[in-house]
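Over in TrEMBL, the protein carries these features:
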- Glu213: active site, proton acceptor (ACT_SITE)
- His212, Glu235: Zn(2+) binding site (BINDING)
- 2-105: domain 'Aminopeptidase N-like N-terminal' (DOMAIN)
- 144-364: domain 'Peptidase M1 membrane alanine aminopeptidase' (DOMAIN)
- 448-745: domain 'ERAP1-like C-terminal' (DOMAIN)
- Tyr297: site 'Transition state stabilizer' (SITE)
Amino acid sequence: MYILRYIYSLKINKGGIGLYWESYVESLNRTRYSIISNLSPNYARTVFPCYDEPGFKTPFRVTIGRNNTTRTHSNSKIKITKDMKGMPGFVWDTYTKTVPMSTYLLAIMVTDFDNYTVTEENRFGHTIYGRSSILPYTKYTSTMVTKLVPIIEDLTGFHYELEQLDLMVVSDLKYAAMETWGLITFHESSCVVIQDLTSQSSLKHYATIAAHEVALQWFGNLVTPLSWSYVWLKEGFSMFFAYISMNLVEPSWDIDELFLKDSTEALTADALDNTYALLTPLKNTSGPIDIFHHILYIKSNSIVNMMYNFVGKDIFMDCIRNYIRAYAYGSAEQEHLWKIFDNVLSQQQVFPDHLSMTEIMHSWTYQHGFPILQINRNVHTGTIHLIQDRFHHDGPREESREMWHIPISWATQLNPQFNETKPKLWFSTKQMMINETSLRSAVLSDHWIFFNLKQTGFYRVNYDNGNWQLLFNDYKNFPPVIRAQIISDIFAMASGGFLDYNIAFHGASKLQSEISLIVWDIAITALKPIQVHFYNTSGFQQLMNILVDNVFRYVVNYTITNSHDEILNYACMVGNVECSRKALNYLRQRTSGKLELGVPKHLTYWVYCAGIRSGTDTDWYKLMDLYENNTLDKDPMTHGLGCYKKSSFLEKYLDRLTIDGRVTRELFLALLSVAANPYGARVALNYCEHHWNLIEDYGNESNTNLIGLITSLSNSLNTKEDLEVLKSLNVTKADEVKALKNAITKVHNNIMWGHRYKAAVGIAINSILHHTHLSS
């Protein structure tokens, strides 16, 4: 055996990746520095020579030097501390040998952070490190982690065997959090919870991040993907177990709603042409970071949830436990998992004889996109004709060769058992006729039929017009998740050219009496792309105003303790009278000095943005004056001033914040707000066109990612002129170049949608307003 020893040095930079430094200003106005590591996915090579494919694992023996006023951190416990020879006041911390692990999980950190420890009875404690001013607000996350670990141990049947699982809270991190083995790293913005001020939706978001990072200790750290091509295994299963475990900690959170939101978002993104298959060979990308796109997280979670539902809880959990036992401290690819499932399922009667888990899952992991299931009833014979094809966001293509093994579940009006999500049959051909007793009875009785219960299958469903009408007629009797699924599918079908928009808006008219937050979350997501084309038209505004009125009145009271910003913002965006009145009243109290302590924290962004949108020129000037002479509510005010409807004011606002020809944090926040404002998107685009170099300089200096700005620009732009300006931006960073390509595609899609559907949607809106019972 040979031992290779070498000396290697590197420059520690700022940037949130690799081995980098960050700083903060303490209470005595002194700047303090920390060294943080974030080696995922392949940044270990920037720190030391190594093989950094995840399948390569080795134990690490780590020694870190420090001065006596700081502490070091790594994946294990300190074994011994020794003085540095010839350097008084400096020591070496040597850590115990780690378990075999991938290079991307290694932690090398030096900080002067404060800390506290939380413990669960009969378990080791979890120590949380961070700035003293931040630590008091991390208790929710640390408590959540403490509760989650034993739950995931129980679910997986595998005890967490490392001697520590601590939390590091930092101000500079490329990701929301990183699952570093034994030392989970959180960005401050991903775990700061202020009691009675943090909204319920934010709590769910923070809990999801924490649960995901804990689950990754098993699905990723303990059992690691053999290569980055299989990264969906760790992200999909860790997110799935995050939701399952989170639901056991917070049983009041509806787990079906969590899965539905992810599934709906994934279906929307996966319908685009530039989507990836779940299993993406690394050679087809520009590097591992390309594989870690947002759709991978939410689609892989949805695919795992589909597996859970079609094999059943007991078999699923048994197979996962077998998988973890077989590959603990090693690496695996998806074929290893399918083999374990097939070995168990071969003794059960779960699938038809011609199907195996391997064959089923190949159709979902190797192919791009997902299927649409077309349901056509024969009202004379009671038979049902099924057709599958790949769903494209912009309409049917020539018949594709893709074909999926689709789990088919259904309910009928006489048997509305929406919890029976296990498939009643498998659809593995292009077309199929069903002559099943309950379905035939429903069709012949002119009752509705409903497929893909709770959207547990990763596909869209379209019905003949008659069945859509039957579903609309009984809409109020469906549970919220099913109502949300109906709204999501009708607008997806309309935008894809499978359904007339007149039918889609007829279904949407049911929203007038809807107060379910999950239904409105899904509805707003479906309606926003249409709003891009109609935000300044009276018909669309009038219809949305009517539909959103009831839920706004419900939410504005509900949000005394728990805000639901999306609904509040949408109600004011479409000109809801009561929403505009309340927001403007709050704003004027604030600018007149009647709210010296500021707006209630959970309402700040809504009040300043919606209030300004509803206000006058005088209101804008008064808020601008308050903004320039006040430090309270600074960020919400920055955002709010960018929500005004007059482009001349927005231009003036951005120019006013451009100081000495450079972009500041305040200007960047203002630019984000203006870009997200339908009335300001072109103002923001014009500013970017003429100042992009300054914006990139700011991004580099502050380690601010520009992807959010690029994405916001694309959401509201819909002309060829917009497209040409967007193409001219001189974006240089790889991830931002990718974001720009996606933004260009999005604007192109907006343009094509306008050509195809804008006139038809205008007619549909007028028809709904003038020929239905809707009333304001």
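Glycine is treated like the rest: Cβ placed from N, Cα and C.
A TrEMBL annotation is a machine prediction, not a hand-curated record.
It should be emphasised that the depicted structure is a prediction, and the values quoted were computed from it without experimental measurement.
Shown here: features listed in TrEMBL, placed on the structure.
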{"residue": "His212", "record": "Zn(2+) binding site", "CB count, 10 Å": "26"}
{"residue": "Glu213", "record": "active site, proton acceptor", "CB count, 10 Å": "27"}
{"residue": "Glu235", "record": "Zn(2+) binding site", "CB count, 10 Å": "25"}
{"residue": "Tyr297", "record": "site 'Transition state stabilizer'", "CB count, 10 Å": "20"}
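Confidence across the domain 'Aminopeptidase N-like N-terminal' (2-105), taken as the mean pLDDT and rounded to a whole number, stands at 94. Reported as a whole number, the C-alpha separation between Glu235 (Zn(2+) binding site) and Tyr297 (site 'Transition state stabilizer') equals 6 Å. Here the CA atom of Tyr297 (site 'Transition state stabilizer') lies 13 Å from the CA atom of Glu213 (active site, proton acceptor).
With respect to their backbone Cα atoms, Tyr297 (site 'Transition state stabilizer') and His212 (Zn(2+) binding site) stand 11 Å from each other. Each residue of the domain 'Aminopeptidase N-like N-terminal' (2-105) gets a DSSP state, and the totals for helix, strand and coil are 6 helix, 39 strand, 59 coil.
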